[in-house]
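Novice: I have a structure here, written as structure tokens, and I will follow up with some questions on it.
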There are 2 protein chains.
Amino acid sequence: MTQRFKVTLAYDGTNFAGFQAQPNQRTVQFVLEKAINKMSKKDEYITVYGSGRTDSGVHALGQVVHFDFPHPISAKGMLRGLNSMLPLDCEVVDCKIVPNDFHSRYTTHGKRYLYRVSRGEFVNPFKRLYTGHYKYPLDIEKIKEAMPDVEGTHDYSSFVASGSQAKSHVRTIYEAKVYEDKVNDEIVFEFYGNGFLYNQVRIMVATLLEIGNGKRPVHDFLRLYEVKDRSQARQTAPASGLYLKEVYYDEEDEKL
Amino acid sequence: MTQRFKVTLAYDGTNFAGFQAQPNQRTVQFVLEKAINKMSKKDEYITVYGSGRTDSGVHALGQVVHFDFPHPISAKGMLRGLNSMLPLDCEVVDCKIVPNDFHSRYTTHGKRYLYRVSRGEFVNPFKRLYTGHYKYPLDIEKIKEAMPDVEGTHDYSSFVASGSQAKSHVRTIYEAKVYEDKVNDEIVFEFYGNGFLYNQVRIMVATLLEIGNGKRPVHDFLRLYEVKDRSQARQTAPASGLYLKEVYYDEEDEKL
């Protein structure tokens, strides 16, 4: 009686070579499959399917994966079992048994990313792995003015890294916002869209920071959509500030 | 024209083998002396004197050191120079030129430590290196009731690790407090005293958590002062939750 599990993960990306399995690398998929296969004790190898990759150093608050498990076990039992075997930089925060046609990657209809930027002349030692750092002056009002340009359906060819294998660069961003976290003296970006290209969020954040600094005109996104030229949006904000916050599915698709 | 510098440091203790220099170990003293001696370029080796040691994995928000520098340079120039050369897990947060009889260790009259405890069944990946974790039930009111017992002048022999070389175990704690950090779902302890024994704060915190859990009577500190027996306060809270927050000096001693 094989059951399909939907598992939501939080991980500190610092010591992972990204999400996806690669030979001789410590990846999130690798440590997760190791724990699951130890629990299963069967000859048949259980593979984990993620909603998408995250790069080396990128964090997750709510990455979603699914896999099929061949023994009867409750969702709570799976959550506890996995957390007892996973390393401390990866935690299962939620676990559900879902229908066999649920697929973490193919049935998702959106993702939300968060990007944290720390300020100040020097990098705070406790933030170096968990924020991007920007030491130059920023006018956050300018960034706020630019945010509506980020939303909508656009060809994001100017915002995709060269490693991308996507056929189309057209995506839709439903919500793009920026706010000040005064307690932590940080600027936080959030992007909710139907899908994101390779490095898209990090390139958009770097461009938005240049807008805030006055290096670019406020509405430069509109020009960048037109030119479809990666060399026009040159910078990529560091992986350390990026968090995959949530992956969205239809509630119906999760109902047994 | 040698000048004495008082430097206040913040560091993430995770990747340091503690503060004090040891052969073939990456310590805070080592990276700091390396940066200072690179700036000085003289044959004579410049040694850094810390207010005291911190153990491997213990953090600092305000560790204080002093050293003598043989070239004319402003306090601001020293701060910027050091931060440009130090690794990102160690930051100079303040720098002053002080009289030649200022001594980070001998002229201090107090220190403040902070201890952060995270809650919940599982360890949050982003807190594993920055808090101690306690998953058992806690009645914070019991801990609050015990805190006045921690204050005062006592023989803390029951709260000192075996590696201690202190001749006397009598110390004075001026202030001991505990509070809930509801934003982060943490319990925070603060201890301000004239000096602390080896592992004293971590042993006291472990004992206070056992009081909160009901494993020990609320006023067990009073008994522990009497018995002077380390085996009666067995646990040591992990290094990851401990922060050297502030080192106190007389303002007069810092005046040029």
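Every residue, even glycine, has its Cβ placed from backbone N, Cα and C.
Residues or ranges marked as active site, nucleophile by Swiss-Prot: B:Asp55. If you look up Swiss-Prot, you'll see B:Tyr113 marked as substrate binding site, on the strength of sequence analysis.
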Novice: What's the CA to CA span in angstrom from B:Asp55 (active site, nucleophile) over to B:Tyr113 (substrate binding site)?
Specialist: 13
Novice: What is the Cβ neighbour count of B:Tyr113 (substrate binding site) at a 10 Å cut-off, with all protein chains included?
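Specialist: If we count other Cβ atoms within 10 Å of B:Tyr113 (substrate binding site), we arrive at 24.
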Novice: Taking the Cβ of B:Asp55 (active site, nucleophile) as centre, how many other Cβ atoms lie within 10 Å?
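Specialist: Cβ-Cβ neighbours of B:Asp55 (active site, nucleophile) within 10 Å number 18.
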